[in-house]
Amino acid sequence: MWRLRRAAVACEVCQSLVKHSSGIKGSLPLQKLHLVSRSIYHSHYPTLKLQRPQLRTSFQQFSSLTNLPLRKLKFSPIKYGYQPRRNFWPARLATRLLKLRYLILGSAVGGGYTAKKTFDQWKDMIPDLSEYKWIVPDIVWEIDEYIDFEKIRKALPNSEDLVKLAPDFDKIVESLSLLKDFFTSGSPGETAFRATDHGSESDKHFRKVSDKEKIDQLQEELLHTQLKYQRILERLEKENKELRKLVLQKDDKGIHHRKLKKSLIDMYSEVLDVLSDYDASYNTQDHLPRVVVVGDQSAGKTSVLEMIAQARIFPRGSGEMMTRSPVKVTLSEGPHHVALFKDSSREFDLTKEEDLAALRHEIELRMRKNVKEGCTVSPETISLNVKGPGLQRMVLVDLPGVINTVTSGMAPDTKETIFSISKAYMQNPNAIILCIQDGSVDAERSIVTDLVSQMDPHGRRTIFVLTKVDLAEKNVASPSRIQQIIEGKLFPMKALGYFAVVTGKGNSSESIEAIREYEEEFFQNSKLLKTSMLKAHQVTTRNLSLAVSDCFWKMVRESVEQQADSFKATRFNLETEWKNNYPRLRELDRNELFEKAKNEILDEVISLSQATPKHWEEILQQSLWERVSTHVIENIYLPAAQTMNSGTFNTTVDIKLKQWTDKQLPNKAVEVAWETLQGEFSRFMTEPKGKEHDDIFDKLKEAVKEESIKRHKWNDFAEDSLRVIQHNALEDRSISDKQQWDAAIYFMEEALQARLKDTENAIENMVGPDWKKRWLYWKNRTQEQCVHNETKNELEKMLKCNEEHPAYLASDEITTVRKNLESRGVEVDPSLIKDTWHQVYRRHFLKTALNHCNLCRRGFYYYQRHFVDSELECNDVVLFWRIQRMLAITANTLRQQLTNTEVRRLEKNVKEVLEDFAEDGEKKIKLLTGKRVQLAEDLKKVREIQEKLDAFIEALHQEK
């Protein structure tokens, strides 16, 4: 019995431990188990001695009493037990994953159905547009005929590229494997999952951004390329300008010219070029020898010249005038057959047909350029050098052909102009006249022979050339007539020699070699030679060329030293005149004077940028106030001052200032700044610099100033920025200190006193002199002034009775004044009363405003403390402070625009104007004038001619 009782006690203890044990580990997973379905094991057996059970915080193992009778157990209130040793987390994880899958699948199906339903609803809401298909052009429906969809399909990405765009399922599986740690906050699985998701989104974003970056990069590269070529173009234009300046400044000593040994004929040609310019400038003619080719139109002058030069270098026309200006051709011997112009470095290869065509075209262009508008021919000479093997050294001048009748399309004075040009060249006593006569026409039709006989009646420097002898032999019935011409018996003229030549068959495409062969063949078979009518030395252009060259050099040796002596005497006279008139001045020609003036002008422009900011702001503020003072006082201050209270005054002022700022003020400010810049620029350009001032530059400086100002335009954005700045300045009403208050009062007093002075002068002119001036200066009033004076006195009486009178007279007041004046015998018109009242009231108002301004000197304390005192409402002082502050800020802003931008832009304009003037020779001649300039120009030219003549004479003696 005792043992049974002990066992029952032990069992109750065990049950109580099971019920109340708190040693279950919270981290273990739960499992639902029924108490009946499990065996409870106890650690004590009945065979053992009963001991006191040990209390434990957790049960690792349970045991049961086997000898206890079986009885019905009662269910415990706790229906769940814990099994610490068994872990079922894989099964639980699978269960949760299955639940997540069902959730995702269900959401996808439901979302898809909802989206389809929404799409169908939207589709039903769209109206049926099938009836309006006719509006769409047919080209839209037939677009498949114009677009190759197969090519587009091939351009689309293939399946491999699409696979790359598909989601990475391996990453998805890896993310699902980390769902075990997903439900734990801050776990690594969650971090990895979010990082992966963020990475996929960033990849899509990166692809979008990369495409946009490519487009931006391509646009930027295109812009850089445009800027690059724009800079190259600007650099080339600048280099071109500089090169043109260097060409104009031939005497620039800064450039090292390599000294080349020139041939004798080239040196002589340079002398003739310089003399040609000198003769054209001073309307004189030198006496140096040259071969002058004259003849009737289409007589073959150009063909003879081409045969001598051995190249078809001149433009040709059948019966049409092609030689429109003199062409000076300098022939010299050289290894290559080339031609070049005096003012160009391009060489034309005369052995190539394309170069010959280009040369003929260039000569024609130069001729047309020399011919002025309304003229047919020009006296200006084109200088051409031709070098080649076997050429005779000489200088020939091809003149326009002499005509007998002026045809349609020609200028009326063409015939006289051609005669004057020909006479100018032939009257040179040392010129060799190469008279060309067409042998295929009657001798009686010749015009040039009479002209040549007048210029050289004794024939001491004339060579007669009969052209087209082949045609003459066929057409002329009597061959003796040709013999008479060659012997000088037919024409009334004499010559040193007579020659007969053949210059081709009339085909312009014939080469020089073919013409020479034809000429030699003709004279070998000609009856004229066989019958001794012509001598062998009188035929062919080769013999002609040798004879002309010998005659030319003989004339040169005889006359060149005499010409040099005459230029030495001219130089001595000019130098003596310079020493007597300008003993302390250096001899500067027009180009050198222009460079000196250019440097002075640029220095004056730089000094413009060195003016102090204070100077700029003072003149800007003063000029701006002079421009806007009338508007401020007449249209803003006076209308606002007629109001009854300060609120209405401020409202009126704000409205009028806003309207003024939006419309007129910025434009006025820019105009003032531009006029100020012009004034300062003119002052720096025109003010004398003391004794060193040279008045010879005055016209040039004035022209540069006017042209620079005309080209300069103020920045377009200046008005917009000024409008904002001025509006903000006028919005501010807070005067911070007493010094600003006093400055505003002083500014207001000055403005009102100036207006009061103008009003006093207007009243004085209206009413005439007062009694003092009438007694001292013996002045009287006119009848009208007397009426004005009586009216003024009557109005002043009315103002004394009511000093608070408004600005306008009422009709009954006008009637009262008129009746009072009529009672004193003064007839007055109502309009005269109004005019007089305007000036009288204006003076009264300005005096009252000045007195009020004086009272406001002690009103800053009331203004600062916002006291309300009707006697010291100084709103007008605040208005003038706002105006003064706006003027200061505007002047500061305009000064910054001037010094930072506009002065530099003006300097750039001045440089461009000077560069343009430097390239315009006529402009320099017009602006740099005077005896001193002309004398320096003469000295320079004569010295250059004499130096070249001396060098040529020295080379000529060495050749002997």
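Note: Cβ is positioned from N, Cα and C throughout, glycine not excepted.
Predicted, not measured: the structure shown is a model, and the values here were computed from it.
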TODO: Figure out which of Thr323, Thr376, Thr381, Thr417 sits with Thr302, Asp398 in the Mg(2+) site per Swiss-Prot.
DONE: Thr323
Task: 183-186, 199-202, 467-470, 931-934 - the one Swiss-Prot records as region 'G4 motif' - done: 467-470
TODO: Among 166-176, 331-341, 771-781, indicate the range for which Swiss-Prot gives the feature intramembrane segment.
DONE: 771-781
Task: Contact set, same chain, for the region 'G5 motif' (501-504): CB under 8 Å, 6 or more residues outside the stretch - done: 300, 303-304, 306-307, 465-470, 510, 514-515, 518-519, 522-523, 539-541, 544
Task: Beyond the site residues Thr302, Thr323, Asp398: chain residues whose C-beta lies within 8 Å of the centroid, for Mg(2+) - done: Val293, Lys301, Leu305, Phe314, Met322, Val327, Leu399, Pro400, Gly401
Open item on the list: Under 8 Å between C-beta atoms and at least six residues away from its ends: which parts of the chain pack against the region 'G3 motif' (398-401)?
Closed with: 292-299, 301-302, 305, 314, 321, 323-327, 329, 377, 418, 421-422, 425
TODO: Identify, in sequence order, the residues in the chain of Cys874 (disulfide bond) that are 6 or more apart from it along the sequence and have a CB within less than 8 Å of its CB; answer 'none' if there are none.
DONE: Cys856, Gly859, Tyr862, Tyr863
Task: All-chain count of other Cβ atoms within 10 Å of Thr302 (Mg(2+) binding site) - done: 24
Task: Cα separation, Lys228 (N6-acetyllysine) to Thr323 (Mg(2+) binding site) (Å, whole number) - done: 47
Open item on the list: If I restrict to non-local contacts, at least six residues apart, and a C-beta distance under 8 angstroms, what lies near Lys228 (N6-acetyllysine) in its own chain?
Closed with: none
TODO: Going by DSSP, give the three-state secondary structure for Asp398 (Mg(2+) binding site).
DONE: strand
